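Engineer: Residues or ranges marked as transmembrane segment by Swiss-Prot on the basis of sequence analysis: 16-36, 585-605, 625-645, 655-675, 742-762.
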């Protein structure tokens, strides 16, 4: 104990030692107090930070309203005390003042600021460029604070612009309400139309089902129609072959009629001569009775006339005339047969189209309109062949009453022959002439009458033969057309047959398509049901929307809500009132550590005052002084922070206790280093201080530090002092504080034990050195 008292006596009696120790008592206060006072609440005085605003905005028009966002911002800033606002129109001068550190921030509002705000509804809207200029090289913190001011300005401008947009939007809500009302009416019409469509869809579904069944029947009937068309084609081909034979017969008739025409012409000529001779004979007959007396003299004359009549009759070539009459009979029979064949042919042509129509009309599964369309389709496939006008041909042919009376002609010819025979006998009967005068006169009369009939018959024969020849010629022309038409009919019927087979294929496709249509119509009917439900709901919702939109009554409070809808609330678990409070754990720990290092400079840590009895007494004679200095340092700095600067803590007495524990732990570390190693130990203590400045986590979170600092973070004593101070000052987590205090006490005990060990070794060494001279 003598050593301890001697140590305090030396301090009190030595001003060179006492005054420095007293000064050391205030080192933590000077370090911590001065620093914390200077930066206790720098953000609370940013209203003194000079910032200049350069407004170059020219304004714009949006939806009929004048936009002056730049001017509005300037007016708002003039009523804002967050910064020391200055306003200018000269950008170049403001930038020069920034370089000269007159301002820490230059805010530039460009000339198109409001104009860009009016492009919000354009295809390519432009953002509002709020430019700012800082000079971080002159003062980084000032530039950083200025950037935070820009964030606030950005929020303010965004709010102002949004309010302008919101006003325009709400002004248009009435138009929107009207449009929604109109849309509701339109949706109602859509709903009504959808109902009609739903009903039509049901009918369509039903009819398509019928169509599906009918198309199968159509396919079967079309196959039958195709077979019938093939049979018609075969019949037409037979008809065409028969027409060829008819044409050959017609040519033969034409040749015979030409021969008959030649014979009838010759007959007419000879009959003229006969009639003239008979007329001469007839003229002489009245005088026959009167000239009986002159008969003898006239016999010669009568014989000559008889010879002349005989020549005329011989010249007639009655054989040819009979042949012509027989040919005429044959022609009449051929003409009758020919007329019958023409009539049959005409009927076959007329029945051609009817055959197709009968097949189609016989279908009981087609409607009248479908039958008409199918008949038109078939008729388009048939070539339009103009059949010859058979009625005209038949009218031009001579009828039976127009031909000469063949029986009469034959009878007259027989009479002529008989009379000629009598005339031939005239020379021989001259002697009997007188007795038969009456008979001769009657015979001549009959001969004349018969000759007239023959003449008239030959005239009719000639006229009839002429008409017959012309009719047959016309018939040949029309028959040629009929033959050509039959050939076209053959071609057309083949095309129709081919078309019907295509129609058969098409009907099968129609059958397949109608089946798909029937299936699709079912889906359509289901979809229309869903659509009907949706259109009804759409109409109702649009009406509700129109009513609700029309009821909107916006005011400034509404505009403000849209412009700034979010209100932030800082519900901190443990709040820190200012910047200085947040830095106190870090700065206070450094002050106490620096105070310990300064003490080792003015207070001798090794030289004993008197003779210590052992190493512990030697250690404690030094440590009790350092412990008292540490406690006083802690009390002074803690009291000034609490009462002088205004530090607020969660527990005052715990704050005092933890400050003392921290100071004693740091002193124990520094004592060991300085005692055992002298100045190199002090240097190591300074190195530890420097490492703790970066690695203890006093400013930025540990996760933001480089990896090396994160590794050594747990080995540094300030790490635990800072965490403990945060717990007692801000968090109120006293359990965590005592945990950190336990770590510091453990470090202090280890350092004290090492120091005691060193002093014990040193004390033994001193004792050994004293004993050696004595011996």
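Glycine is no exception: its Cβ is also placed from the backbone N, Cα and C atoms.
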Engineer: Name the range, of those listed as 16-36, 625-645, 742-762, that has the largest tally of Cβ pairs under 8 Å with the transmembrane segment (585-605).
Structural biologist: 16-36
Engineer: Sequence-remote contacts (6 or more beyond its ends) of the transmembrane segment (16-36), Cβ cut-off under 8 Å?
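Structural biologist: The answer is 10, 580, 583-584, 587-588, 590-592, 594-595, 598-599, 602-603, 625, 629, 632-634, 636-637, 640-641, 644-645, 663.
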Engineer: Near the transmembrane segment (742-762), which residues from the same chain, at least 6 beyond its ends, have a CB less than 8 A from one of its CBs?
Structural biologist: 606, 612, 614-616, 618-619, 623, 661-662, 664-665, 668-669, 671-672, 675-676, 717, 720-721, 724
